[in-house]
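Taking it in order: structure first as structure tokens, then the write-up.
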Amino acid sequence: MRPVGSKYLLEEPLGRGATGTVWRARQRETAGAEAAVAGQPGETVAIKVLKEELASDADIVMRFLRERSVLLRLTHPNIVRVRDLVVEGELLALVMDLIDGPDLHRYLRENGPLTPVAAALLTAQIADALAASHADGVVHRDLKPANVLLKQTGGEMHPMLTDFGIARLADSPGLTRTHEFVGTPAYVAPESAEGRPQTSAVDVYGAGILLYELVTGRPPFGGGSALEVLHQHLSAEPRRPSTVPDPLWTVIERCLRKNPDDRPSAENLARGLRVVAEGIGVHANSAQIGAAENVGALLAPDPAPAQVPGAPDAAYDPNGATSVLPHTSGPAGAADPTAVLPSTGAPDPTAVMPPVPPGQPGAPGQGGPEDPHPWQNQLRAARDRNEQTQVQYLDPNQDPLRRRPQRQVSRPPQQPRQAPQGPPPQQPGYGYPQQQQPQRYATPQPQQPQRYAPPPAPEPQQPRREPRPPRQRSANPMRIPGLGCLKGCLVTVVVLFVAGWLVWELSPLQEWIGTGKGYWDQLTDWFTTVTDWIGDLGGSGGG
């Protein structure tokens with residue numbers, strides 16, 4: 001088991017997400033006074049260990065420590081309580097209550113959509129949790145079924161909203177740049193996709209998408225890519241399913257308004273959903289049905305929505321004209337505003353350009369063809385979440401690790417340029433009078449298009465050697481050079497056997513062995529016989 005700090009031990013992983021891994025852990029000793037819940041030794045908790053790239057960001061660590069009190073005091077019956085925060089070296093972890101139950105995304109995948117009444121009551125409890133967090137100035141910004149856990153108590157399931165701390169930390173400047181959004185593309189609000197200031201209305205928009213998915217089984221906006229999904233959020237209207245009652249569709253339509261000022265507050269959303277659940281039920285009376293049909297009057301927007309930390313009050317327009325702040329009187333010793341010096345009679349080189357008429361290139365709000373797409377950063381972030389690593393074949397000739405070193409061609413040294421002869425320019429200083437010259441700006445160089453180096457030419461390949469012809473056997477199978485193989489040995493044995501057999505059959509060797517004479521006696525008798533035979537031949541020839 002892996003220790004986390006000095007008070008917790010990780011036992012087994014429960015899930016893995018985009019920001020870290022959730023572990024089942026056990027408390028070793030009672031937590032200190034800085035923790036929201038002291039706990040008891042042996043108690044089981046859930047710990048979310050953030051990824052190393054988050055823990056190595058100094059901005060996130062400072063926000064982690066600075067907002068410790070905000071996360072620890074965020075308590076509600078429908079919010080997973082953060083018990084403690086652990087910061088140790090390269091480790092950042094959130095200690096939370098362990099919820100024994102599936103998340104809402106898994107439940108919908110296994111059991112299908114909910115009834116309109118059940119969906120309205122479940123979303124009302126989530127809206128209660130959002131209202132409590134908005135009252136504390138905390139905006140979730142990533143509301144989706146995967147961040148809603150279902151706690152089973154007494155045969156009933158209670159939704160528990162989690163990952164508030166992760167959404168809070170994601171606001172760090174080290175992660176969230178200008179014109180980027182934090183969230184999942186299928187559940188992101190239009191103002192988040194456009195990089196506009198965000199308020200608590202983004203959570204109400206996410207609650208509307210969640211409610212739509214609870215009764216239909218899928219989000220209202222989809223597409224084959226992140227660009228299509230974002231385009232649907234910005235321009236398309238959700239389609240009403242035939243199974244959604246009129247009062248419930250009124251709530252969904254108000255939550256999914258493109259203008260955040262037209263969306264209801266989380267508190268009014270919870271109140272309206274409970275009225276709708278009573279009016280569309282089987283045992284609803286006429287008063288409840290009438291109240292549900294007039295639910296639009298209850299969905300009033302929030303007069304003071306919670307602002308996302310770090311969001312500017314107004315979007316920055318890079319093409320807007322420069323504005324001059326008015327002079328305001330301040331206390332003694334305050335810094336004076338910038339003053340314009342009076343004209344001295346010399347020609348003033350600074351000129352005010354006439355305003356560009358609308359519709360012309362360079363007009364405010366109209367980007368040139370080379371300007372980046374306003375959604376470029378959002379699409380890159382969404383694409384990085386959804387793309388997987390692709391493996392493709394690499395030509396060995398283009399592999400820098402296998403490329404042969406090339407000899408660099410020596411170039412002749414360049415001769416230094418000689419400065420033109422002439423009188424040295426007079427520098428303004430002590431020996432020369434200073435003259436006021438008009439300020440001249442160099443003509444801007446036209447932007448050269450980016451050119452890529454051509455691919456290296458393929459190196460000439462050496463001619464391949466012709467393959468060696470196969471070894472051919474001799475026509476005479478008995479010819480074996482040196483008799484150094486098994487075949488030669490067998491032939492030799494056969495020849496010796498045949499020669500011995502011929503000697504045995506054609507020579508008097510059998511008779512000699514049968515008579516028992518010695519080898520020398522047999523040889524002497526044979527020699528005597530041959531001598532007598534030759535002598536007889538000679539005597540008969542002489543007679």
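Any Cβ shown, glycine's included, is placed from N, Cα and C.
What Swiss-Prot records for this protein:
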- 8-276: domain 'Protein kinase' (DOMAIN)
- LEU14, GLY15, ARG16, GLY17, ALA18, THR19, GLY20, THR21, VAL22, LYS48: ATP binding site (BINDING)
- ASP142: active site, proton acceptor (ACT_SITE)
- 303-480: region 'Disordered' (REGION)
- 352-361: compositional bias 'Pro residues' (COMPBIAS)
- 407-420: compositional bias 'Low complexity' (COMPBIAS)
- 428-451: compositional bias 'Low complexity' (COMPBIAS)
- 452-461: compositional bias 'Pro residues' (COMPBIAS)
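Excluding LEU14, GLY15, ARG16, GLY17, ALA18, THR19, GLY20, THR21, VAL22, LYS48 themselves, the residues of that chain whose CB lies within 8 A of the CB mean position for the ATP site are, in sequence, VAL49. Each residue in the domain 'Protein kinase' (8-276) has a pLDDT score, and their mean in this model is 86. Spread of the ATP binding residues is 14 Å (greatest Cα-Cα distance among LEU14, GLY15, ARG16, GLY17, ALA18, THR19, GLY20, THR21, VAL22, LYS48). Sequence-distant contacts of VAL22 (ATP binding site), defined by Cβ-Cβ distance under 8 angstroms and a gap of at least six in the same chain, are PRO13, LEU14, GLY15, ARG16, ALA46, ILE47, LYS48.
Taken residue by residue with DSSP, ALA18 (ATP binding site) is part of neither helix nor strand, so it is coil. The 10 Å shell around the Cβ of ASP142 (active site, proton acceptor) contains 23 further Cβ atoms across the protein chains shown. Using a 10 Å radius centred on the Cβ of ARG16 (ATP binding site) and all shown protein chains, the other Cβ atoms total 10.
Counting other Cβ atoms within 10 Å of each Cβ, the lowest count among the binding-site residues LEU14, ALA18 belongs to ALA18. Cβ-based neighbour count (10 Å, all protein chains) for GLY20 (ATP binding site) stands at 21.
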